[in-house]
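Some features that Swiss-Prot has for this protein:
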type     : residues      : note
BINDING  : HIS83, HIS182 : heme b b562 binding site
BINDING  : HIS97, HIS196 : heme b b566 binding site
BINDING  : HIS201        : ubiquinone binding site
TRANSMEM : 33-53         : transmembrane segment
TRANSMEM : 77-98         : transmembrane segment
TRANSMEM : 113-133       : transmembrane segment
TRANSMEM : 178-198       : transmembrane segment
TRANSMEM : 226-246       : transmembrane segment
TRANSMEM : 288-308       : transmembrane segment
TRANSMEM : 320-340       : transmembrane segment
TRANSMEM : 347-367       : transmembrane segment
Amino acid sequence: MTNIRKTHPLMKILNDAFIDLPTPSNISSWWNFGSLLGLCLIMQILTGLFLAMHYTPDTSTAFSSVAHICRDVNYGWFIRYLHANGASMFFICLYAHIGRGLYYGSYMFQETWNIGVLLLLTVMATAFVGYVLPWGQMSFWGATVITNLLSAIPYIGTTLVEWIWGGFSVDKATLTRFFAFHFILPFIITALAAVHLLFLHETGSNNPTGIPSNMDMIPFHPYYTIKDILGALLLILTLLALTLFTPDLLGDPDNYTPANPLSTPAHIKPEWYFLFAYAILRSIPNKLGGVLALLLSILILIFIPMLQTSKQRSMMFRPLSQLLFWTLIADLLTLTWIGGQPVEHPYIIVGQLASILYFLLILVLMPTAGLIENKLLKW
């Protein structure tokens, strides 16, 4: 008699995705982040659900309801900080996952990659609308500044901004709709993640060498299930350490002041995971130009498969490309740092240079390095 997991219509899908899935025998820990992102998503949905049970999306009570969750609800402070720091862990895993894809040429699976870029944009949108919900100073002014960027769109910009706000400023209507978006988006992310996985399983996983994986495959379970559990435990350990020892490490103190439309914080800045894009936005002294650079800094990922010039898929055996890749990582860290600094002398020019270098590396230097490496190998 055949095992039920291979015959039952539902079990068969799960079996083919997580148990009998043929997986390359040599994938490293960089391949752990996919499952960790799934874990993050589940954690965020669960903690978010419990927070939504006690939260009120209304300008007069939103801030108080978050304070009520932290003070009066059993383990409310824990759920709230798990959710806030869980978002940071989510982005750490996301950026590691994307970095892995860039380094090992996983972007050559174009459908999987494009759904991945769409997922990144959706997660960023979710995090942005979620940050507005506690209705602190940074929530309010962050929402005002970022939504206002749409007014840079010629002709329809101002109308579009007022349509999103539901009025002439960020107010009650804005908060209510942002809560609605924040509730629905994670389920859209879940659906997109399923499609992401569907496309991945059409081709099978890439591996560090970049050569076809079908040479040597092993079943996903038990080899990679145990490896994923180790990764999950490390993720949970890090998240718990962050949540229980320094819950406010990554937050902004301004968000502990209730939103006040009459007083602007000294430095308006987003959460750390958006700082690199914020630095690129600020480095261009023109509203429309800045908005376009901001969009392009993320959407550039879509064009990466087209910029592949090397005949080798992975960077594993390409020292020149490796050097440029790590320069890109250093550049992104520099941009993240600059995004959190005030707009004054040394920071402005450093931000502008780092922004130029970011686009130069991806659009010019890395494709050129690929061609040089082909020549060096007499290809």
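Each residue, glycine too, has its Cβ placed from N, Cα and C.
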Cβ contacts of HIS196 (heme b b566 binding site) (under 8 Å, same chain, 6 or more positions away):
THR112, ILE115, GLY116, LEU119
Give the one range among 77-98, 288-308, 320-340 whose Cβ atoms make the most pairs under 8 Å with those of the transmembrane segment (226-246).
77-98
Among 113-133, 178-198, 347-367, stretch most in contact with the transmembrane segment (33-53) (C-beta, under 8 angstroms):
178-198
Can you count the other CB atoms that lie within 10 A of the CB of HIS201 (ubiquinone binding site)?
14
At least three Cβ pairs under 8 Å linking the transmembrane segment (347-367) and the transmembrane segment (288-308), pairs spaced 6 or more in sequence?
yes
Tell me the coarse DSSP state (helix, strand, coil) of HIS196 (heme b b566 binding site).
helix
For HIS201 (ubiquinone binding site) and HIS83 (heme b b562 binding site), determine the Cα separation and express it in whole Å.
30
Ten-angstrom check, please: count other Cβ atoms within 10 Å of the Cβ of HIS97 (heme b b566 binding site), all chains counted.
20
In sequence order, what residues of the same chain, 6+ apart, have a Cβ less than 8 Å from the Cβ of HIS182 (heme b b562 binding site)?
GLY48, THR126, VAL129, GLY130, LEU133
Cβ under 8 Å to the transmembrane segment (320-340), counting only same-chain residues 6 or more beyond its ends: which ones?
99, 102-103, 269-270, 272, 274-280, 282-283, 310, 347, 350-351, 354-355, 357-358, 361-362, 365-366, 369-370, 372-373
Test of understanding: give the count of other CB atoms lying within 10 angstroms of the CB of HIS83 (heme b b562 binding site).
21
